[in-house]
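Asks: Found this in TrEMBL, in case it helps:
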BINDING   67, 70, 83, 85  Zn(2+) binding site
């Protein structure tokens with residue numbers, strides 16, 4: 001919930017009073033973030049904000065790594081990373097991302113009366 005609340009806080013701050021219709025986030029497969037849980041938390045965390053009712057798109061970035069011993073590049077599905085050659089001397093190259101990729105917002109700010117009640121059309 002804390003990660004999702006941080007995302008919602010950043011989105012609302014960047015929206016600067018404008019209505020948020022959608023948010024796209026990139027989540028690495030190795031981040032230990034469950035997309036379904038993030039979607040559930042997003043709906044709760046956006047209640048009472050300019051992002052209430054916004055759609056959340058989650059793009060999962062597959063984990064990958066390269067082996068410093070043999071040079072092999074390979075996909076990683078779990079946080080404990082071993083090269084197929086058996087070496088643990090690897091560098092994770094993708095899968096730990098967690099970033100807001102984009103957001104769709106209105107052009108105008110929410111009127112003050114609506115901002116207080118958030119009864120938006």
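Every residue gets a Cβ built from N, Cα and C, even glycine.
Unlike curated records, TrEMBL annotations are generated automatically.
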Asks: According to DSSP, which of helix, strand or coil covers residue 67 (Zn(2+) binding site)?
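Replies: Looking at the DSSP assignment, residue 67 (Zn(2+) binding site) belongs to a strand.
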Asks: To test your reading of the Zn(2+) site: which residues beyond 67, 70, 83, 85, same chain only, put their Cβ within 8 Å of the Cβ centroid of those residues?
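Replies: Same chain, not in 67, 70, 83, 85, Cβ within 8 Å: 68, 69, 71, 72, 74, 84, 86, 87, 89, 90.
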Asks: Taking 10 A as the limit, how many CB atoms besides its own sit near the CB of residue 70 (Zn(2+) binding site)?
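Replies: Looking across every protein chain shown, the total is 13.
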Asks: What are the non-local neighbours of residue 83 (Zn(2+) binding site), defined as same-chain residues 6+ apart in sequence with CB under 8 A from its CB?
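Replies: Long-range Cβ contacts: 65, 67, 69, 70, 72, 74, 89, 90.
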Asks: For residue 85 (Zn(2+) binding site), which residues in the same chain are close in space, meaning a Cβ under 8 Å from its Cβ, but six or more apart along the sequence?
Replies: 67, 69, 70, 72
